[in-house]
Amino acid sequence: MALLLGAVLLVAQPQLVPSRPSWASRSFSRKAGTLQDDVRYGADGSAQQLPQTIIIGVRKGGTRALLEMLSLHPDVAAAENEVHFFDWEEHYGHGLGWYLSQMPFSWPHQLTVEKTPAYFTSPKVPERVHSMNPSIAAAHPARPVGARAI
């Protein structure tokens, strides 16, 4: 299913456009204070935004494949690494400003996506995610158990 979605998104886009502006060509400005003020802006007008979608799952469940397929679309900006904000106390203790700093630079029309499969198995995650954004979308790819064992 994730592969089909990726193929549809790839065919539907008019041209390949990077979802993240290049790091080398950007200068940043940073404000301090409230979470809204913690947003970093690139010289090109892009900004870091909290994710609107989180991909959760199990090991070898297809989460990386789903993220890679989605990030091919120009309207998707994907975090490069598993952030482990909601399931690791050390990261959660840094606060939402730190979490925001882990997100990719994106444009207002882009969907920001983060992938941490371990969120699926941590009992603390649902409440923490809901307190950040009650309307966030969670994506859980379904891959047959036999396929994961191979």
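Heads up, the Cβ atoms here are built off N, Cα and C, so glycines get one too.
Pulled from TrEMBL, these are the features on record:
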ACT_SITE  Lys60  active site, for sulfotransferase activity
BINDING   Lys60, Gly61, Gly62, Thr63, Arg64  3'-phosphoadenylyl sulfate binding site
DOMAIN    51-140  domain 'Sulfotransferase'
SIGNAL    1-19  signal peptide
Exercise. Under DSSP, the domain 'Sulfotransferase' (51-140) has how many residues in helix, strand and coil?
Worked result: 32 helix, 16 strand, 42 coil
Problem set entry | All-chain count of other Cβ atoms within 10 Å of the residue listed as 'active site, for sulfotransferase activity' | 14
Problem set entry | Overall pLDDT of the domain 'Sulfotransferase' (51-140), taken as the mean | 95
